[in-house]
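Engineer: Just lifted these from Swiss-Prot, have a look:
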TOPO_DOM  1-30  topological domain 'Extracellular'
TOPO_DOM  86-103  topological domain 'Extracellular'
DISULFID  C101-C178  disulfide bond
TOPO_DOM  165-188  topological domain 'Extracellular'
TOPO_DOM  261-273  topological domain 'Extracellular'
REGION    368-421  region 'Disordered'
REGION    446-474  region 'Disordered'
COMPBIAS  455-474  compositional bias 'Polar residues'
Amino acid sequence: MGRTLAVPTPYGCIGCKLPQPDYPPALIVFMFCAMVITIVVDLIGNSMVILAVSKNKKLRNSGNVFVVSLSVADMLVAIYPYPLMLHAMAIGGWDLSKLQCQMVGFITGLSVVGSIFNIMAIAINRYCYICHSLQYERIFSVRNTCIYLAVTWIMTVLAVLPNMYIGTIEYDPRTYTCIFNYVNNPAFAVTIVCIHFVLPLLIVGFCYVKIWTKVLAARDPAGQNPDNQLAEVRNFLTMFVIFLLFAVCWCPINALTVLVAVNPKEMAGKIPNWVYLAAYFIAYFNSCLNAVIYGVLNENFRREYWTIFHAMRHPVLFLSGLLTDVREMQEAQAHTHARARARTQAHEQDHAHACPAVEEIPMSVRNVPLPGHGAAGQPECVSGHPKPASGHSRSVSARRKSASAHPKSASGQSKSATVYPKPTSVHFKPSSVYFKADSVYFKPSSSHPKPITGPSKTAISPATSFPKPTTGYTQHATIHSEPTTLDYLEPITTSHSKPVIASHSELAASCHLECNIFDLSDPTSSPASDSSNSAASLLDPTAAAAATVNPTVVTTDYHEIVLIDVDADSDEMAV
């Protein structure tokens, strides 16, 4: 592995090999020991912070997520850059590759910028917790906290990456480490200091001033417990001291960077080398102080520290405790997921009860237009009858017993009696379908309706229940309809009056009546004759009532009415 080449500059010797540094040997030994202690305390202390937060349920909150993130940022420099610094101090120079020097500078930048950004996130979290307590749970929910943490580290990486291209990372013999050389680009150096140090400090200072003002305004010495006041003050002081120590430790090195960047020719030779060394080592020492501050000022952290110390004396118990904690965390997560699933199912059931599912319409009654819908584009009456002036008609019912579930048509083929009940019945409009009281009558001996031939109205005999043709005369004494169940009664018409079918479409009468009507047209009569005969019957109802029924008239035109009595307990049939 070759040595790094020397790069002399007018403002100092950066990258030069110094076999005999101008520091006293005692100072080098002291700094070497201080760095060893810093590395040990950094690794152990920040590891204990992470374990304490993971083991203590009281410490598992959104604010301590950024505390753990700050501990990770502090541990970065103790893992890689600090050991290489010890190596450079031991041999008096840098004998490693250029890539390793670049890695040292990049990881150091991540640690420093990550620390200040996490301290800023902690201050914002404390500010929202104290000054905006009502919105705290919504702002710092578990999901939002993870997003904020990811944004913090993304900002850290984006803030350090420009230094890899603009600022040159080189070995500095004054600090025994690889740093960013901003001497050749003073404007960039000032910008970096403002973004990485000054702006975060202003934000953190604003948050803690607001917090302190809120705490002082909320104090009530007469009605508040002094122990609670002391606990609030200690919780506030813990994070404030963390911020204050970071500002004190990193202020000297940032001030030197700005001074050298503003006036490099004059300031480069006036600043002694030991000032650079002291400034950098104070900044490096800050990485191990946070864990100590937590243990001194926070009772929960201090209690967990003692628990970890006692557990480390018995490694087997310590490992078993860790496994138990991991298992408890998994069980807690499984319980949380189960509760979430149960809550989701409860919401779905409530929604299902609130919005019941609509039953599917059976195939036998699908595509059947409801009354009033199919007549939108066609005339309502095809027989020439005037539209009744009354409102919705009620269904006319006749008492009959069902002897067969499958009535047969004239061709001998049985009709399907399968009926799919629906939660609600269909109510017909008076303009859709209505049968006249004098056109249908029944005989109680049989329940098998048969098609009726003839150009006149359909009549069902009470003796046989077989439809018989009528020749324009209705037998008034055989009418079994109940006029009290109708909203209106039409006069008795002549032989050419027909049931009114809206729009020539099929008719489905709820789930108790299925009517298949064929051959609506009458080849033996014309609409003109229908209209005239209907008018005559309307003018002379007594003549039609006195007429006799001629059962011998046979015609080729018929209307088929299939009656299905589904409900055995019902004594009525809707007409």
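Each residue, glycine too, has its Cβ placed from N, Cα and C.
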Engineer: What does DSSP give as the helix, strand and coil breakdown of the topological domain 'Extracellular' (261-273)?
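Structural biologist: So the counts come to 10 helix, 0 strand, 3 coil.
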Engineer: List the same-chain residues at least 6 positions away in sequence whose Cβ sits under 8 Å from the Cβ of C178 (disulfide bond), in sequence order, or say none.
Structural biologist: W94, C101, Q102, V104, G105, T108, I169, E170, Y171, D172
Engineer: How many helix, strand and coil residues does the topological domain 'Extracellular' (86-103) contain under DSSP?
Structural biologist: 12 helix, 0 strand, 6 coil
Engineer: Starting from the Cβ of C101 (disulfide bond), draw a 10 Å sphere and report how many other Cβ atoms land inside it.
Structural biologist: 20
Engineer: Going by DSSP, how much of the topological domain 'Extracellular' (165-188) is helix, how much is strand and how much is coil, in residues?
Structural biologist: 4 helix, 10 strand, 10 coil
